[in-house]
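Trainee: If you scroll down you'll find the structure; I have some questions about it.
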Amino acid sequence: MNEVDPAALLADLDADQHRAVTCESSLVAVIAGAGSGKTRVLTRRAAYRIATETADARHTLVLTFTREAAGELRRRLAGMGVNDQITAGTFHSISNQLLRQRWADLDQAPRTVVDDRARIIGGLRAFTDRASAADLPSVVDAIGVASSRGLTPRAYVRAVRNNELRSLHDPEFVADVLSAYTEEKRQRRIVDLDDLIALTIDAAERDETFADALRWRFRHVLVDEAQDLNPLQHRFLDVLRTGRDDLYLVGDPAQAIYGFTGSDPALLTDVADRFPGVEVIRLPVNHRCTPQVVEIGRVVLAGAEVDTAIESARGDGPTVRVSAHDDEAAESAAVARAIAADDPTRLRSGQVAVLARTHATLAPVRAALQAAGLPLRTRVDGAGTELGPLLDEAYRLREQDSLRRWIRDQHLAAEGDDDPRTTVALAANDFLRTHPTGDGVAFRAWVSATDPFGTARPGVELLTFHAAKGREWHTVHLVGCETSLVPHRSATTAALKAEEARLFYVSVTRATDRLTVHWSERRNGYQRRRTPLLDGFEPGEPVVLPPPPELVGTQPSPRESTLDRLRTWRADAARANGLLPDALVTDHVLSLIATHRPSSPDELDQLTGLGAITSRRLFHGIDRALQSH
């Protein structure tokens, strides 16, 4: 690790974030509300402990739920000066690494890993003899829930009959499919992603030497999005536990929206029972949303049995609007008119989104926006573009050395700096500078998270509530916010209804400033009512006070003014690329830029290590921010 000043890691944290990063306890659960800086706290905690020598980077493990999150975390840590000795990855990828090493040590042939349950299950007679293709997604989900909970076929049947699980199908049928699927994997010597975790747990429970090796290697464990943990992942954490727990959980029970995958937010809300002696720290300040958006979020969560003690650090904002429409056609037309009348710079900078509970609800909105000539956000590095085929080649490479060889071959074959092969090869080089052990899969996640080619064409984004998690926009329109959709008609139990409330909460808190909630009195010919999740909310009535004095910044110094301009540039550029601001450039890098004021793309690259392509792409906007007065 480079020399890192621990004080610099704390400089821009609020009081609660500061406590979460610096607390002396080694067993900590951080309950981080929407917009409270969850990822910032997690990365600062890891960097701070390494900087203060209370943790060893070589023995630190950070567990995430997506490759993109793991890549982003490594990128942020690198931006803080933390080297690549930290291990960061998904539960599945870490388990895969451990198992492959174990199989090699035991001179056993590695299993083939498959990540497409649907393709295998859809071909099983146990499924095809009793169901249709339309049933496949829900059956696959049911198998996933059983796997994530470590249930045998008979245990799954008992859980459904005891109302511990909900099933859209006869549990005996699901159990038969699960049995056939398990046997198919055994005969073909293949494993799926959940099997990787289960096999790692089984090996550790059977072989104490293997378990001790894991605990020696991973002495400091941090977990992102802990509200999404399922029982199998909790068992994985149990395997790593020693007599003195060194575990840091960060999550928000109010944003637990993946029950269909087997996750259980109670594992976080009841953390004090599961981990006696844990220090629970709450981050109650939302730095993202206006008080008006925070207020509607509180109303939505009223029936979700979640602590909603959160306040906004921002000043007063626009009133949240709730708009009723005759039908879906009128709703779509109204959304298109509102967006067309909005500030055009928001469209150009990707600051507007339309969110819905289902993809089908978005279809008429998409048509209305296109008819109005409004741009929709697209990417131009996919199939049919000059970069697409080259990226597909790189993504298929599974070994680090093969990716390096491929980069060399592209440079040799390229015909100048403007050749697409040069462009992709330089980006891959930038990737390997910060991810030296990365392969094609990790490169794909990095490209998706950072958009190194500037290929995202800005415009209105249309996403489902689930897909919008982790994102933010200045202006958000929520459509279809009526009975049957919000909450969804499939939510027939108290637990499912509570999850629907949490999902709606996630959607409303994607708006930083302007939020409009739309609903239709008729949809698809059927009568509807406004979602009951808004009962008790009256737009415009609450008088919102200014943020508490301790949350209001002091008069900025000249350097802070430069930082403010850089943060404004970063926010606009991140929205245009569909990223969170820290995913584009970290606070640490912004501080370096504000202090040293690079005057060329090369100086920016040398100062920050962003890479040649990224530095060239970002320099113009950074330079304008530095020169503004």
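Including glycine, each Cβ sits where the backbone N, Cα and C put it.
This is the feature table in TrEMBL:
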- A32, G33, A34, G35, S36, G37, K38, T39: ATP binding site (BINDING)
- 11-290: domain 'UvrD-like helicase ATP-binding' (DOMAIN)
- 556-629: domain 'HRDC' (DOMAIN)
- 531-560: region 'Disordered' (REGION)
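Are these features on the surface or tucked inside, and what are their neighbours?
Mentor: Around K38 (ATP binding site), a 10 Å sphere centred on its CB holds 24 further CB atoms from the protein chains shown. Under DSSP, K38 (ATP binding site) is assigned to a helix (H, G or I) in the three-state scheme.
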Trainee: For G33 (ATP binding site), what residues in its own chain, 6 or more apart in sequence, show a Cβ-Cβ distance under 8 Å?
Mentor: D252, A254, R282, L283, P284, V285, N286, I310
Trainee: Residues other than A32, G33, A34, G35, S36, G37, K38, T39 within 8 Å, Cβ to Cβ centroid, of the ATP site?
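Mentor: Along the chain, the qualifying residues are V41, D252, L283, N286, H287, R288.
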Trainee: Counting other Cβ atoms within 10 Å of each Cβ, which of the binding-site residues A32, A34 scores lowest?
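Mentor: Among the binding-site residues A32, A34, the sparsest Cβ neighbourhood within 10 Å belongs to A34.
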Trainee: Summarise the domain 'HRDC' (556-629) as counts of helix, strand and coil residues per DSSP.
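Mentor: Tallying H, G and I as helix, E and B as strand, the rest coil: 57 helix, 0 strand, 17 coil.
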Trainee: Test of understanding: give the count of other CB atoms lying within 10 angstroms of the CB of T39 (ATP binding site).
Mentor: 20
Trainee: For the domain 'UvrD-like helicase ATP-binding' (11-290), what's the mean pLDDT in this predicted model?
Mentor: 91
